[in-house]
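For reference, Swiss-Prot has these:
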- LYS35: N6-(pyridoxal phosphate)lysine (MOD_RES)
- LYS35: active site, proton acceptor (ACT_SITE)
- ARG130, MET304: substrate binding site (BINDING)
- TYR256: active site, proton acceptor (ACT_SITE)
Amino acid sequence: MPRPIQARIHSSALQANLRRVRQSVPDAKVWAVVKANAYGHGIARVFESLRGADGFALLDLAEAQGLRGLGWRGPILLLEGVFEPRDLELCSRLGLWHVVHCDEQIDMLAAHRSQAPQHVFLKLNAGMNRLGFAPQRYRSAWARLGALAQVDEISLMAHFSDADGPRGIAPQLAAFVRATQDLPGARSLCNSAATLRHAADASVRADWVRAGIVLYGSAPDFPGHDAGHWGLQPAMTLATRLIGVQQLQAGDTVGYGARFVAPGPMAIGVAACGYADGYPLHCGTGTPVLVDGIRTRVVGRVSMDMLTVDLTPLQRAGLQPGFGSEVTLWGRASSGAVLSIDEVAQAGGTLGYELMCALAQRVPVTLDGRA
């Protein structure tokens, strides 16, 4: 028998989250962002649930090829653009759209020979200072692209750095409006946080929104708001079972480094999940977990293959957890109880994004219970 740990992907949650995005931006087109293999969920697994989007956005040419192989004939956007000249030939062959964020990419386009002109998204560095042309250079980059026979359409985009926080988007939105004033072309500004928090403003919604983490049921502005506030459903459940129970006395310690000391008689459960499965090492005592649908906590240090949980809340509820009891590390328990991946990530000093993407290869993944 394999270890009892398993990640389950829920197609109904993916579909519901996409509908939630459309409710926020009924007049905009939606990019379903599936970079990092759909945030660890698997592009092939999420494809049918998200094919109601208007396009897919990702980074990797191999993943783009995979989407075409699945039968997708709509738009695919390469969010970091091309990395070398030969990538443009594949863009032509597969009909890919791609971001242009630097002079080197324009140079590659200028030297490219193809019968199929390219659709590009010209990126503005509105203040995040990762990728994109500075505002004072944006219009000249647009003019260079517009003069190329290799380019048939130029869309305009930027990425907000603080759509999820109190600084907001106003300065970067203003920079985008100034840089793109009177330029033709579709606009794309909103990431997940901006889509939920700022899309009431038509200038923010623009023509395309880029829905990423929101599709997978994580709140982009946690802890300011949780997933429930936004009406999102967890698309991934990581679950395992208890493989042992220990009875402790006052003063007994748990795990490596004796990080937890029992305050009195208590029972702990040993769950088959550890940091080698992608569960964060730094999720120590107090990290929330569900056992048979009841909320409790991790105690002690997470090991490579195991972690330990406090069974006191279950016993207080009149339950007798034991070998084989269900343990929900994040997501939805069989009882329907939900533990947000964002809460677990916060306890480990990280983000839900990282936990999704860090799921270990050794963890079996099913879609709606099917391998």
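Note that Cβ sites are derived from N, Cα and C of the backbone, with glycine treated the same way.
A separation of roughly 11 Å, to the nearest angstrom, links the Cα atoms of TYR256 (active site, proton acceptor) and MET304 (substrate binding site). Fewest Cβ neighbours within 10 Å among the recorded positions LYS35, ARG130: that distinction goes to ARG130. The Cβ of MET304 (substrate binding site) lies under 8 Å from the Cβ of GLY274, TYR275, ALA276, each of these being in the same chain and 6 or more residues away along the sequence.
The two recorded residues the residue listed as 'N6-(pyridoxal phosphate)lysine' and ARG130 (substrate binding site) have their Cα atoms spaced 17 Å from each other.
All chains included, 11 other C-beta atoms sit within 10 angstroms of the C-beta of TYR256 (active site, proton acceptor).
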